[in-house]
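Over in TrEMBL, the protein carries these features:
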- Arg22: site 'Transition state stabilizer' (SITE)
- Lys29: site 'Transition state stabilizer' (SITE)
- Arg164: site 'Positions MEP for the nucleophilic attack' (SITE)
- Lys226: site 'Positions MEP for the nucleophilic attack' (SITE)
Amino acid sequence: MTDLEPRLRTVAVVLAGGVGRRVGLNTPKQLLEIGGKTILEHTLALFNGAPEIDEILVLMTPGFTGEVERLVERNGYRKVTGVLEGGETRSETTWRALRALGQGECDVLLHDAVRPLTEPRIISDCVAALRVHPAVEVAIPSSDTLVVVSRGPHGETVRDIPDRAGLRRVQTPQCFRLSVIREAYERAFADPAFGDRPPTDDCGVVLRYLPDVPIHVVPGSERNMKVTHPVDLFIADQLLRLAAAEAPAPPDEALREAMAGRTLVVLGGSGGHTGAGVAELAGELAGRYGARVFALPEGSRVQDPRAVGGTLARAAGETGRIDYVASVAGAPPGDLGSLDDSAVAEWVGASHLGPVTVARAALPHLRETRGRLLFCGPGADGRAGGDALQAQARASMTALAGALAGEWAAYGVRVDCVDPAPAAIPGRPGGGPAAAPPSPRAVARTMLAVLASDVTGRVVGVHPAAH
(Lines of atoms letter the chains of each structure in order from A and count residues from 1; the text may use other names and numbers.)
(Lines give C-alpha, C1' and ligand atoms only; values in the text may rest on other atoms or scores of the structure.)
Protein backbone atom coordinates (compact mmCIF):
# COMPACT_ATOMS: atom_id res chain seq x y z
CA MET A 1 0.00 0.00 0.00
CA THR A 2 1.69 3.18 -1.18
CA ASP A 3 -1.29 5.41 -2.00
CA LEU A 4 -3.61 6.86 0.58
CA GLU A 5 -6.51 4.44 0.99
CA PRO A 6 -10.04 5.14 2.25
CA ARG A 7 -10.39 4.95 5.98
CA LEU A 8 -11.71 1.61 7.19
CA ARG A 9 -13.52 0.79 10.41
CA THR A 10 -10.92 1.22 13.15
CA VAL A 11 -11.00 -1.04 16.19
CA ALA A 12 -8.88 -0.66 19.32
CA VAL A 13 -8.22 -4.02 20.99
CA VAL A 14 -7.25 -3.49 24.63
CA LEU A 15 -5.25 -6.48 25.82
CA ALA A 16 -5.86 -6.77 29.56
CA GLY A 17 -4.94 -10.37 30.26
CA GLY A 18 -2.13 -9.82 32.78
CA VAL A 19 -2.35 -10.83 36.44
CA GLY A 20 0.15 -8.45 38.03
CA ARG A 21 2.52 -10.82 39.80
CA ARG A 22 5.46 -8.50 39.12
CA VAL A 23 3.76 -5.74 41.11
CA GLY A 24 3.33 -8.21 43.98
CA LEU A 25 -0.41 -8.84 43.68
CA ASN A 26 -2.75 -11.59 42.56
CA THR A 27 -5.22 -8.98 41.28
CA PRO A 28 -4.93 -8.07 37.60
CA LYS A 29 -2.69 -5.02 37.54
CA GLN A 30 -4.98 -3.29 35.07
CA LEU A 31 -7.58 -3.12 37.88
CA LEU A 32 -5.22 -1.35 40.27
CA GLU A 33 -6.06 2.31 40.88
CA ILE A 34 -3.98 5.34 40.00
CA GLY A 35 -5.34 8.86 40.07
CA GLY A 36 -8.66 7.70 41.51
CA LYS A 37 -9.47 5.26 38.68
CA THR A 38 -8.30 1.85 37.61
CA ILE A 39 -5.51 1.64 35.05
CA LEU A 40 -7.97 0.02 32.65
CA GLU A 41 -10.43 2.91 33.02
CA HIS A 42 -7.74 5.43 32.10
CA THR A 43 -6.85 3.38 29.03
CA LEU A 44 -10.45 2.86 27.93
CA ALA A 45 -11.23 6.55 28.42
CA LEU A 46 -8.34 7.41 26.12
CA PHE A 47 -9.60 5.28 23.23
CA ASN A 48 -13.26 6.03 23.88
CA GLY A 49 -12.48 9.72 23.51
CA ALA A 50 -10.33 9.32 20.38
CA PRO A 51 -12.33 10.44 17.32
CA GLU A 52 -10.33 8.08 15.10
CA ILE A 53 -11.55 4.98 16.99
CA ASP A 54 -14.89 3.42 16.03
CA GLU A 55 -15.00 0.40 18.35
CA ILE A 56 -13.17 -1.00 21.37
CA LEU A 57 -12.79 -4.69 22.18
CA VAL A 58 -11.43 -5.69 25.60
CA LEU A 59 -9.65 -9.00 26.23
CA MET A 60 -9.62 -9.54 30.00
CA THR A 61 -8.12 -11.99 32.47
CA PRO A 62 -10.50 -14.96 32.88
CA GLY A 63 -12.78 -14.48 35.86
CA PHE A 64 -12.78 -10.67 35.70
CA THR A 65 -14.87 -9.91 32.62
CA GLY A 66 -17.90 -9.05 34.75
CA GLU A 67 -15.95 -6.40 36.61
CA VAL A 68 -14.84 -4.86 33.33
CA GLU A 69 -18.42 -4.84 32.04
CA ARG A 70 -19.47 -2.95 35.17
CA LEU A 71 -16.68 -0.41 34.66
CA VAL A 72 -17.76 0.08 31.06
CA GLU A 73 -21.40 0.62 32.02
CA ARG A 74 -20.56 2.92 34.92
CA ASN A 75 -18.35 5.17 32.81
CA GLY A 76 -20.49 5.12 29.69
CA TYR A 77 -17.77 3.88 27.34
CA ARG A 78 -20.09 3.67 24.34
CA LYS A 79 -17.43 2.47 21.92
CA VAL A 80 -16.80 -0.76 23.85
CA THR A 81 -18.60 -3.45 21.86
CA GLY A 82 -17.34 -6.53 23.66
CA VAL A 83 -15.47 -7.87 26.70
CA LEU A 84 -13.95 -11.31 26.17
CA GLU A 85 -11.73 -13.61 28.18
CA GLY A 86 -8.09 -13.62 27.16
CA GLY A 87 -5.95 -16.69 26.63
CA GLU A 88 -3.07 -18.18 28.55
CA THR A 89 -0.48 -16.37 26.40
CA ARG A 90 -0.26 -13.01 24.67
CA SER A 91 -0.43 -14.74 21.28
CA GLU A 92 -3.55 -16.69 22.22
CA THR A 93 -5.21 -13.55 23.57
CA THR A 94 -4.49 -11.67 20.35
CA TRP A 95 -5.82 -14.56 18.27
CA ARG A 96 -9.09 -14.59 20.22
CA ALA A 97 -9.48 -10.89 19.48
CA LEU A 98 -8.80 -11.38 15.77
CA ARG A 99 -11.41 -14.13 15.53
CA ALA A 100 -13.96 -11.95 17.34
CA LEU A 101 -13.51 -9.16 14.79
CA GLY A 102 -15.09 -11.26 12.04
CA GLN A 103 -14.23 -11.48 8.36
CA GLY A 104 -14.82 -7.89 7.32
CA GLU A 105 -11.69 -5.84 6.71
CA CYS A 106 -10.77 -3.23 9.27
CA ASP A 107 -7.81 -1.51 10.89
CA VAL A 108 -6.77 -2.91 14.26
CA LEU A 109 -4.83 -1.21 17.06
CA LEU A 110 -3.56 -3.75 19.62
CA HIS A 111 -2.79 -1.96 22.89
CA ASP A 112 -1.52 -2.98 26.31
CA ALA A 113 -4.17 -2.12 28.91
CA VAL A 114 -1.38 -1.18 31.33
CA ARG A 115 -0.22 1.72 29.15
CA PRO A 116 -2.72 4.33 30.40
CA LEU A 117 -0.65 7.36 29.37
CA THR A 118 -0.65 6.96 25.60
CA GLU A 119 -0.97 10.38 24.03
CA PRO A 120 -3.86 11.11 21.64
CA ARG A 121 -1.24 12.17 19.10
CA ILE A 122 0.08 8.60 18.97
CA ILE A 123 -3.37 7.20 18.22
CA SER A 124 -3.92 9.78 15.48
CA ASP A 125 -0.53 9.08 13.92
CA CYS A 126 -1.12 5.32 13.98
CA VAL A 127 -4.53 5.54 12.33
CA ALA A 128 -3.16 7.89 9.68
CA ALA A 129 -0.20 5.58 9.03
CA LEU A 130 -2.52 2.60 8.50
CA ARG A 131 -3.99 4.34 5.47
CA VAL A 132 -0.59 3.93 3.80
CA HIS A 133 1.14 1.04 5.57
CA PRO A 134 -0.16 -2.48 6.34
CA ALA A 135 1.63 -2.70 9.69
CA VAL A 136 2.68 -0.02 12.17
CA GLU A 137 4.94 -0.20 15.23
CA VAL A 138 5.18 2.50 17.92
CA ALA A 139 8.72 2.93 19.20
CA ILE A 140 11.11 5.43 20.80
CA PRO A 141 14.90 5.76 20.71
CA SER A 142 16.83 4.03 23.46
CA SER A 143 18.62 6.42 25.81
CA ASP A 144 20.46 3.49 27.37
CA THR A 145 23.24 1.44 25.83
CA LEU A 146 22.05 -2.13 25.29
CA VAL A 147 24.19 -5.25 25.37
CA VAL A 148 23.85 -8.76 23.99
CA VAL A 149 24.81 -11.36 26.59
CA SER A 150 25.76 -15.01 26.63
CA ARG A 151 24.98 -17.35 29.48
CA GLY A 152 27.91 -19.19 31.00
CA PRO A 153 28.59 -21.41 34.01
CA HIS A 154 29.31 -18.35 36.17
CA GLY A 155 26.55 -16.06 34.91
CA GLU A 156 26.15 -13.75 31.95
CA THR A 157 28.91 -12.15 29.91
CA VAL A 158 28.71 -9.39 27.32
CA ARG A 159 28.92 -10.72 23.77
CA ASP A 160 28.10 -7.60 21.78
CA ILE A 161 27.22 -3.93 22.22
CA PRO A 162 25.03 -2.84 19.28
CA ASP A 163 25.01 0.73 18.05
CA ARG A 164 22.02 2.21 19.83
CA ALA A 165 21.43 4.67 16.98
CA GLY A 166 19.61 1.89 15.18
CA LEU A 167 17.79 0.54 18.23
CA ARG A 168 14.29 1.47 19.40
CA ARG A 169 12.20 0.60 22.45
CA VAL A 170 8.87 -0.86 21.41
CA GLN A 171 5.57 0.44 22.78
CA THR A 172 1.93 -0.01 21.88
CA PRO A 173 -0.43 0.30 20.12
CA GLN A 174 0.78 -2.07 17.41
CA CYS A 175 -1.40 -1.59 14.39
CA PHE A 176 -2.36 -3.69 11.38
CA ARG A 177 -4.75 -4.23 8.55
CA LEU A 178 -6.84 -7.10 9.93
CA SER A 179 -6.15 -9.41 6.98
CA VAL A 180 -2.40 -8.95 7.47
CA ILE A 181 -2.18 -9.76 11.17
CA ARG A 182 -4.69 -12.61 10.78
CA GLU A 183 -2.61 -14.24 8.02
CA ALA A 184 0.54 -13.86 10.11
CA TYR A 185 -1.05 -15.66 13.05
CA GLU A 186 -2.52 -18.38 10.84
CA ARG A 187 0.98 -19.13 9.57
CA ALA A 188 2.36 -18.94 13.11
CA PHE A 189 -0.07 -21.48 14.52
CA ALA A 190 0.68 -23.77 11.58
CA ASP A 191 4.36 -23.73 12.57
CA PRO A 192 5.18 -26.49 15.11
CA ALA A 193 8.11 -24.42 16.39
CA PHE A 194 6.02 -21.32 17.15
CA GLY A 195 5.12 -22.39 20.69
CA ASP A 196 8.75 -23.07 21.59
CA ARG A 197 9.96 -19.69 20.37
CA PRO A 198 7.04 -17.24 20.35
CA PRO A 199 7.71 -13.58 19.48
CA THR A 200 7.26 -11.15 22.36
CA ASP A 201 4.90 -8.88 20.44
CA ASP A 202 2.55 -8.89 17.48
CA CYS A 203 4.89 -7.10 15.09
CA GLY A 204 7.32 -9.92 15.76
CA VAL A 205 4.76 -12.38 14.41
CA VAL A 206 4.39 -10.35 11.21
CA LEU A 207 8.14 -9.93 10.84
CA ARG A 208 8.75 -13.67 11.17
CA TYR A 209 5.88 -15.06 9.11
CA LEU A 210 5.29 -12.24 6.62
CA PRO A 211 8.83 -10.92 6.14
CA ASP A 212 7.90 -9.06 2.94
CA VAL A 213 5.39 -6.87 4.77
CA PRO A 214 7.07 -3.59 5.79
CA ILE A 215 6.42 -2.41 9.34
CA HIS A 216 6.27 1.37 9.56
CA VAL A 217 7.49 3.06 12.76
CA VAL A 218 5.50 5.83 14.45
CA PRO A 219 7.33 7.83 17.15
CA GLY A 220 6.08 7.02 20.63
CA SER A 221 6.58 8.91 23.87
CA GLU A 222 8.57 8.50 27.07
CA ARG A 223 5.29 8.93 28.94
CA ASN A 224 3.74 5.97 27.17
CA MET A 225 5.08 3.69 29.89
CA LYS A 226 3.98 0.19 30.78
CA VAL A 227 2.96 -0.39 34.40
CA THR A 228 4.91 -3.53 35.25
CA HIS A 229 6.74 -3.09 38.56
CA PRO A 230 5.63 -1.57 41.90
CA VAL A 231 7.50 1.69 41.30
CA ASP A 232 5.65 2.11 38.00
CA LEU A 233 2.40 2.70 39.89
CA PHE A 234 3.87 5.75 41.61
CA ILE A 235 5.45 7.08 38.42
CA ALA A 236 2.24 6.65 36.43
CA ASP A 237 0.22 8.39 39.15
CA GLN A 238 2.55 11.41 39.04
CA LEU A 239 2.50 11.49 35.24
CA LEU A 240 -1.30 11.46 35.26
CA ARG A 241 -1.29 14.45 37.57
CA LEU A 242 1.20 16.24 35.32
CA ALA A 243 -0.88 15.46 32.24
CA ALA A 244 -3.98 16.88 33.91
CA ALA A 245 -2.13 20.10 34.78
CA GLU A 246 -0.83 20.43 31.22
CA ALA A 247 -4.19 19.85 29.55
CA PRO A 248 -5.30 22.86 27.51
CA ALA A 249 -7.60 25.25 29.34
CA PRO A 250 -11.15 24.96 27.98
CA PRO A 251 -12.48 27.82 25.86
CA ASP A 252 -15.17 30.13 27.13
CA GLU A 253 -17.77 28.28 25.07
CA ALA A 254 -17.08 25.03 26.93
CA LEU A 255 -17.29 26.76 30.31
CA ARG A 256 -20.54 28.44 29.36
CA GLU A 257 -22.02 25.13 28.24
CA ALA A 258 -20.98 23.47 31.52
CA MET A 259 -22.26 26.28 33.77
CA ALA A 260 -25.37 27.69 32.12
CA GLY A 261 -28.49 26.65 34.01
CA ARG A 262 -26.48 24.70 36.61
CA THR A 263 -26.30 25.25 40.37
CA LEU A 264 -22.90 25.65 42.06
CA VAL A 265 -22.41 25.78 45.82
CA VAL A 266 -19.00 27.12 46.88
CA LEU A 267 -18.13 26.42 50.49
CA GLY A 268 -15.30 28.19 52.32
CA GLY A 269 -15.48 29.33 55.91
CA SER A 270 -14.25 32.36 57.78
CA GLY A 271 -11.42 33.26 60.11
CA GLY A 272 -8.67 34.41 57.77
CA HIS A 273 -7.55 31.03 56.44
CA THR A 274 -10.50 29.82 54.47
CA GLY A 275 -9.74 30.51 50.84
CA ALA A 276 -12.61 33.00 50.82
CA GLY A 277 -11.00 35.02 48.02
CA VAL A 278 -10.76 31.99 45.74
CA ALA A 279 -14.28 30.87 46.67
CA GLU A 280 -15.72 34.28 45.82
CA LEU A 281 -13.84 34.47 42.53
CA ALA A 282 -14.91 30.97 41.52
CA GLY A 283 -18.51 31.86 42.24
CA GLU A 284 -18.21 35.13 40.36
CA LEU A 285 -16.74 33.43 37.28
CA ALA A 286 -19.35 30.67 37.33
CA GLY A 287 -22.09 33.28 37.56
CA ARG A 288 -20.75 35.03 34.48
CA TYR A 289 -21.11 31.77 32.58
CA GLY A 290 -24.73 31.37 33.64
CA ALA A 291 -24.58 29.32 36.85
CA ARG A 292 -26.68 29.94 39.94
CA VAL A 293 -24.15 30.30 42.75
CA PHE A 294 -24.62 29.89 46.50
CA ALA A 295 -22.13 30.31 49.35
CA LEU A 296 -21.94 29.97 53.12
CA PRO A 297 -23.43 32.89 55.05
CA GLU A 298 -20.92 35.40 56.39
CA GLY A 299 -19.30 34.16 59.59
CA SER A 300 -20.19 30.50 59.02
CA ARG A 301 -17.61 27.75 59.34
CA VAL A 302 -17.10 25.05 56.73
CA GLN A 303 -16.75 22.39 59.44
CA ASP A 304 -20.21 23.21 60.83
CA PRO A 305 -22.66 20.55 59.55
CA ARG A 306 -25.71 22.75 60.14
CA ALA A 307 -24.25 25.70 58.22
CA VAL A 308 -23.15 23.52 55.32
CA GLY A 309 -26.38 21.52 55.22
CA GLY A 310 -28.46 24.67 55.42
CA THR A 311 -26.63 26.28 52.51
CA LEU A 312 -27.09 23.19 50.36
CA ALA A 313 -30.77 22.95 51.29
CA ARG A 314 -31.30 26.60 50.36
CA ALA A 315 -29.62 26.11 46.97
CA ALA A 316 -31.64 22.99 46.22
CA GLY A 317 -34.86 24.65 47.35
CA GLU A 318 -34.41 27.73 45.19
CA THR A 319 -33.15 26.05 42.01
CA GLY A 320 -34.43 22.49 42.32
CA ARG A 321 -30.99 20.94 41.81
CA ILE A 322 -27.32 21.03 42.81
CA ASP A 323 -24.85 20.17 40.07
CA TYR A 324 -21.52 21.20 41.57
CA VAL A 325 -20.20 21.57 45.10
CA ALA A 326 -16.76 23.07 45.77
CA SER A 327 -14.95 22.99 49.11
CA VAL A 328 -12.16 25.58 49.20
CA ALA A 329 -9.34 25.66 51.75
CA GLY A 330 -6.95 28.54 52.28
CA ALA A 331 -3.56 29.06 53.87
CA PRO A 332 -3.01 28.67 57.63
CA PRO A 333 -2.59 31.88 59.64
CA GLY A 334 1.09 31.16 60.32
CA ASP A 335 3.79 28.58 60.91
CA LEU A 336 2.99 25.70 63.22
CA GLY A 337 5.42 26.88 65.89
CA SER A 338 3.88 30.36 66.04
CA LEU A 339 0.23 29.34 66.52
CA ASP A 340 -1.57 28.77 69.79
CA ASP A 341 -3.80 25.79 70.48
CA SER A 342 -7.02 27.47 69.44
CA ALA A 343 -5.59 28.62 66.11
CA VAL A 344 -4.28 25.14 65.33
CA ALA A 345 -7.62 23.58 66.27
CA GLU A 346 -9.52 26.03 64.06
CA TRP A 347 -7.18 25.37 61.12
CA VAL A 348 -7.37 21.60 61.48
CA GLY A 349 -11.14 21.81 61.71
CA ALA A 350 -11.43 23.90 58.55
CA SER A 351 -8.86 22.00 56.48
CA HIS A 352 -9.54 18.41 57.60
CA LEU A 353 -13.04 18.19 59.06
CA GLY A 354 -14.40 20.77 56.62
CA PRO A 355 -13.99 18.69 53.43
CA VAL A 356 -15.48 15.64 55.16
CA THR A 357 -18.44 17.68 56.36
CA VAL A 358 -19.02 19.09 52.88
CA ALA A 359 -18.77 15.65 51.26
CA ARG A 360 -21.29 14.05 53.63
CA ALA A 361 -23.81 16.83 53.16
CA ALA A 362 -23.34 17.09 49.38
CA LEU A 363 -23.70 13.42 48.44
CA PRO A 364 -27.54 13.17 48.54
CA HIS A 365 -27.85 16.21 46.28
CA LEU A 366 -25.12 15.16 43.84
CA ARG A 367 -26.52 11.65 43.52
CA GLU A 368 -29.74 13.10 42.14
CA THR A 369 -27.96 15.07 39.41
CA ARG A 370 -24.92 12.81 38.93
CA GLY A 371 -22.98 15.92 39.77
CA ARG A 372 -19.48 16.75 40.86
CA LEU A 373 -17.64 17.47 44.12
CA LEU A 374 -14.46 19.52 43.88
CA PHE A 375 -11.90 20.16 46.59
CA CYS A 376 -9.43 23.02 46.32
CA GLY A 377 -6.33 22.64 48.45
CA PRO A 378 -4.54 25.32 50.47
CA GLY A 379 -2.05 27.76 49.03
CA ALA A 380 -4.31 29.60 46.63
CA ASP A 381 -3.89 33.02 48.22
CA GLY A 382 -0.10 33.09 47.81
CA ARG A 383 0.45 33.76 51.51
CA ALA A 384 3.92 32.78 52.74
CA GLY A 385 4.41 30.51 55.73
CA GLY A 386 2.57 27.55 57.16
CA ASP A 387 4.23 25.10 54.79
CA ALA A 388 4.01 22.16 57.20
CA LEU A 389 0.32 22.69 57.89
CA GLN A 390 -0.39 23.19 54.21
CA ALA A 391 1.43 19.97 53.33
CA GLN A 392 -0.60 18.03 55.89
CA ALA A 393 -3.89 19.48 54.67
CA ARG A 394 -2.97 18.94 51.03
CA ALA A 395 -2.16 15.27 51.61
CA SER A 396 -5.43 14.77 53.47
CA MET A 397 -7.56 16.49 50.85
CA THR A 398 -6.01 14.79 47.83
CA ALA A 399 -6.30 11.37 49.48
CA LEU A 400 -9.95 12.05 50.32
CA ALA A 401 -10.71 13.08 46.74
CA GLY A 402 -9.14 9.93 45.32
CA ALA A 403 -10.93 7.64 47.75
CA LEU A 404 -14.32 9.29 47.26
CA ALA A 405 -13.93 9.16 43.48
CA GLY A 406 -13.76 5.40 43.74
CA GLU A 407 -16.57 5.07 46.28
CA TRP A 408 -18.96 7.45 44.55
CA ALA A 409 -18.38 6.30 40.97
CA ALA A 410 -21.26 3.86 41.41
CA TYR A 411 -23.54 6.87 42.04
CA GLY A 412 -22.30 8.71 38.95
CA VAL A 413 -20.72 11.41 41.15
CA ARG A 414 -17.28 12.65 40.14
CA VAL A 415 -14.75 13.90 42.66
CA ASP A 416 -11.56 15.85 41.96
CA CYS A 417 -9.07 18.12 43.69
CA VAL A 418 -7.28 21.26 42.54
CA ASP A 419 -3.86 21.69 44.16
CA PRO A 420 -2.69 25.31 43.84
CA ALA A 421 0.78 24.56 45.20
CA PRO A 422 3.48 25.24 42.57
CA ALA A 423 5.44 22.18 41.54
CA ALA A 424 8.90 21.66 42.99
CA ILE A 425 11.95 21.55 40.78
CA PRO A 426 13.61 18.11 41.07
CA GLY A 427 17.12 18.42 42.40
CA ARG A 428 16.69 21.87 43.91
CA PRO A 429 17.87 21.92 47.55
CA GLY A 430 14.85 21.72 49.79
CA GLY A 431 12.59 21.02 46.83
CA GLY A 432 11.92 24.69 46.31
CA PRO A 433 8.97 25.76 44.20
CA ALA A 434 9.40 26.05 40.47
CA ALA A 435 7.35 29.24 40.35
CA ALA A 436 5.47 31.69 42.51
CA PRO A 437 2.09 30.54 43.82
CA PRO A 438 -0.71 31.09 41.30
CA SER A 439 -3.08 33.99 41.70
CA PRO A 440 -6.50 33.40 43.26
CA ARG A 441 -8.10 34.19 39.90
CA ALA A 442 -5.98 31.54 38.18
CA VAL A 443 -7.01 28.98 40.79
CA ALA A 444 -10.68 29.93 40.42
CA ARG A 445 -10.54 29.53 36.65
CA THR A 446 -8.82 26.15 37.01
CA MET A 447 -11.63 25.06 39.33
CA LEU A 448 -14.19 25.87 36.65
CA ALA A 449 -12.12 24.05 34.03
CA VAL A 450 -12.14 20.89 36.15
CA LEU A 451 -15.89 21.17 36.75
CA ALA A 452 -16.37 21.39 32.99
CA SER A 453 -14.20 18.33 32.27
CA ASP A 454 -15.00 14.62 32.31
CA VAL A 455 -12.16 13.53 34.62
CA THR A 456 -12.62 12.10 38.09
CA GLY A 457 -10.26 11.19 40.89
CA ARG A 458 -7.60 13.56 39.59
CA VAL A 459 -5.37 15.99 41.46
CA VAL A 460 -5.01 18.90 39.05
CA GLY A 461 -2.42 21.64 39.19
CA VAL A 462 -3.19 25.18 38.09
CA HIS A 463 -2.85 25.46 34.31
CA PRO A 464 -0.33 28.11 33.17
CA ALA A 465 -2.88 29.57 30.75
CA ALA A 466 -5.12 30.38 33.71
CA HIS A 467 -2.62 32.82 35.21
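Backbone N, Cα and C define each Cβ position, glycine as well.
Heads up, TrEMBL stuff is auto-annotated, nobody curated it.
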Close in space but at least six residues away in sequence, with Cβ under 8 Å from that of Lys226 (site 'Positions MEP for the nucleophilic attack'), the same-chain residues are Asp112, Val114, Arg115, Gln171, Asp232
Expressed in Å to no decimal places, the gap between the Cα atoms of Arg164 (site 'Positions MEP for the nucleophilic attack') and Lys29 (site 'Transition state stabilizer') is 31
Reading the DSSP string in three states, the entry for Lys29 (site 'Transition state stabilizer') is helix
If you count the other CB atoms within 10 A of the CB of Arg164 (site 'Positions MEP for the nucleophilic attack'), including all protein chains displayed, you should get 13
In three-state DSSP terms, Lys226 (site 'Positions MEP for the nucleophilic attack') is classed as coil
Within 10 angstroms of the C-beta of Lys29 (site 'Transition state stabilizer'), the count of other C-beta atoms across all shown chains comes to 26
